[in-house]
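> Just dropping this structure here.
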């Protein structure tokens with residue numbers, strides 16, 4: 001009550017922000033007559049003038065009124081479009097490191113030209129980020145004439161472009177591209193073998209379109225670049241045969257319920273758990289198939305990979321459905337994006353899940369992958385000096401934007417008042433009743449000439465509605481992942497009188513639905529249209545436009561509530577753009593996923609008590625409220641998941657930053673000999689310490705062991721025992737110095753053979769390659785640690801703290817291994833002539849290129865089988881107590897990690 005009263009007196013934070021910005025809008029409007037008087041050349045010359053002023057120390061903020069006035073005037077001359085006052089407000093919000101919530105049809109693309117131009121003046125580059133390649137290309141081509149008129153260069157960054165073209169795109173003042181491609185380029189730059197291979201500049205200003213989709217919907221899944229691991233396709237096939245023998249249990253086991261099934265499914269967490277009975281049965285079946293030895297347990301350390309295969313197969317059968325989560329096309333399993341309904345060609349699930357789905361569908365199983373580099377969108381976008389975004393729906397997620405990205409959300413008012421009618425939800429008992437009611441509604445509306453857009457949450461649901469419409473003889477277009485190519489054309493004509501369009505989720509987002517259809521699309525179909533033809537098409541369109549407005553505008557039907565209120569609002573937002581008429585309604589049933597999982601039995605109980613007959617719907621504020629509460633629950637759960645992912649990824653992020661900084665410094669220098677000399681001293685000290693403990697008696701020295709180690713790991717033949725026999729006065733310190741001096745001498749002889757320049761080149765190559773190889777293994781080990789760390793909670797320990805502690809010690813061990821491997825490799829390499837080093841370099845380059853071609857880019861669930869694979873590889877061979885410890889510390893196993901066991 002008090003807060004409401006204070007808001008009434010002082011206005012909300014949003015009102016105060018807009019009030020402050022409206023003063024600047026007044027100044028920009030006052031400059032308009034002055035700008036109109038300028039010739040084209042004088043207007044273009046403003047860009048150079050602004051750049052000089054910035055160099056002299058003026059701030060970007062001080063240029064806002066003039067720069068915005070220049071862009072508005074240029075837009076009038078190039079496009080014949082004048083920025084509305086609300087678009088100027090939006091531009092200021094975006095420059096202010098905030099998120100601008102602007103309704104659909106309010107011209108976000110044109111608004112973005114203002115802050116993009118302003119921030120490109122510094123010459124550091126602006127990245128405009130869109131959700132797909134089509135929008136990136138469309139927006140770049142649409143805005144190119146405006147920016148080029150003002151003397152700015154425009155680049156497009158698309159997947160599959162060669163490195164020189166990418167470098168050129170990034171060197172432009174303003175670059176358009178997709179979120180995935182920017183992230184992958186960052187990872188690839190940090191895997192480059194020479195400074196020339198890098199494509200990105202320093203990350204300066206990112207302007208994210210559909211910011212909610214990119215920074216929230218896709219934030220749970222990291223970007224991963226992976227390379228091939230070993231082939232285990234046969235195992236997937238064998239395990240896949242076993243799964244159909246298992247029976248699903250309806251509910252999870254608890255104190256009150258002990259089921260009879262073999263596995264239970266937790267739909268909320270998207271996890272599958274074996275029951276006691278299931279474990280016994282699966283172990284029997286594995287023994288019968290000859291996959292596991294009799295008397296062994298699935299949970300024994302030696303069967304860790306087998307457990308991984310069983311879990312992946314169970315998840316593939318119980319949680320992933322064809323035509324909902326993926327489609328099978330040309331013998332390939334293609335993932336369907338749950339947020340947009342689009343297919344994600346070339347993307348693969350990790351953790352062996354994709355292989356398990358391939359086995360289930362009987363298509364060819366492709367090799368598993370090992371993570372080479374990964375980053376989450378949260379951490380990638382936080383690398384930019386300045387970040388801003390725009391969307392039609394951000395207010396429901398304002399808290400998350402603020403707490404994770406430090407971005408405030410500002411709701412920008414619409415240019416014209418919104419008059420769309422949002423009707424209450426109708427809830428039916430069964431799916432069939434709901435579909436029937438939707439068909440009746442469509443019939444009624446199209447009879448009046450009103451266009452209808454039906455939003456579904458999966459391909460499967462869109463095909464169910466499509467089949468029913470076909471039976472009813474209603475002509476319609478289907479827009480889902482299977483018909484990706486016609487997307488923009490179908491969306492553009494969805495406003496045609498009596499048109500019926502079915503769209504999965506938010507497919508076609510970013511394309512306006514114009515009431516009466518798009519006359520531009522009709523003109524584009526004619527080869528050489530005459531002015532008369534164009535005038536006729538426009539006149540016909542005007543008639544259709546008026547007819548659609550009279551029938552009530554575009555009607556939106558939602559066939560199911562989405563987990564997030566925001567995505568429901570996006571669907572509604574396709575109608576009622578720029579003050580047009582429109583309406584919307586959601587049809588639900590008690591069989592919908594959201595209702596089944598979250599709206600509990602209470603609502604269905606209430607519906608039964610009301611004595612509902614088949615085909616009847618309930619329409620009540622209580623029900624709508626119960627659904628909104630269910631959605632809030634899901635939203636807060638998803639927020640917690642993303643927050644937790646971020647907290648864990650922050651640990652990896654600190655390490656990633658340290659490694660990438662080190663790697664870039666290494667790339668930029670040509671001589672690393674000083675570093676090599678310094679780490680050689682460290683490595684030899686640690687190695688000698690393992691056999692000659694500091695300040696110890698001679699009886700405690702293990703000289704034969706040391707000689708053998710130096711020979712095996714560093715290819716050094718040193719008669720240490722002979723030295724000690726001949727020189728009794730040779731004490732520990734002098735001996736250490738002599739061993740190091742001898743190793744340096746041998747190395748220098750190698751250098752004399754090949755020449756200093758060639759050796760420096762070779763040292764740098766070895767260092768980069770070793771760093772990449774160990775970092776890859778470290779990522780796998782971190783994934784593996786992450787998967788099991790939650791179990792520490794049972795020991796009353798905080799899993800996050802444990803993860804931080806252990807990952808830090810793993811990182812320290814990796815750095816020690818790096819030193820050891822580099823010195824060992826450089827010591828062991830045999831060179832007799834310069835050509836041999838050149839041949840090795842060539843071989844290394846070819847191997848790097850081969851791996852680059854085999855790399856796979858994925859944006860998927862945050863877990864990796866690579867880790868488990870690595871653990872299994874190292875778990876096969878038992879380490880002897882006197883062997884060097886595998887951690888690379890240089891100590892014996894019994895004096896290092898062997899002590900723990």
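Placement of Cβ uses the backbone N, Cα and C atoms for every residue, glycine included.
Keep in mind it's a predicted model, so treat the numbers as computed, not measured.
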> Among 441, 512, 540, which residue does Swiss-Prot annotate as binding ATP at the site that also has 87, 105, 106, 107, 108, 109?
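Among 441, 512, 540, only 512 appears alongside 87, 105, 106, 107, 108, 109 as ATP-binding in Swiss-Prot.
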> Using the recorded ATP site (87, 105, 106, 107, 108, 109, 512) as reference, state which further residues of the same chain have their Cβ within 8 Å of the centre of those residues' Cβ atoms, listed in sequence order.
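Other same-chain residues near the ATP site: 102, 104, 110, 111.
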> Taking the Cβ of residue 87 (ATP binding site) as the centre, count every other Cβ atom within 10 Å, in any protein chain shown.
27
> Give the maximum pairwise CA distance in Å, whole number, for the residues 87, 105, 106, 107, 108, 109, 512 listed as binding ATP.
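Across 87, 105, 106, 107, 108, 109, 512, the two farthest Cα atoms sit 17 Å apart.
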> Going by DSSP, is residue 109 (ATP binding site) sitting in a helix, a strand, or coil?
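It is helical.
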> Identify, among the binding-site residues 106, 512, the residue whose Cβ has the fewest other Cβ atoms within 10 Å in this structure.
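Relative to the other binding-site residues in 106, 512, 512 has the fewest Cβ atoms within 10 Å.
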> In sequence order, what residues of the same chain, 6+ apart, have a Cβ less than 8 Å from the Cβ of residue 108 (ATP binding site)?
90, 100, 102, 209, 390, 392
> What three-state secondary structure does DSSP assign to residue 512 (ATP binding site)?
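Residue 512 (ATP binding site) sits in coil per DSSP, no helix or strand.
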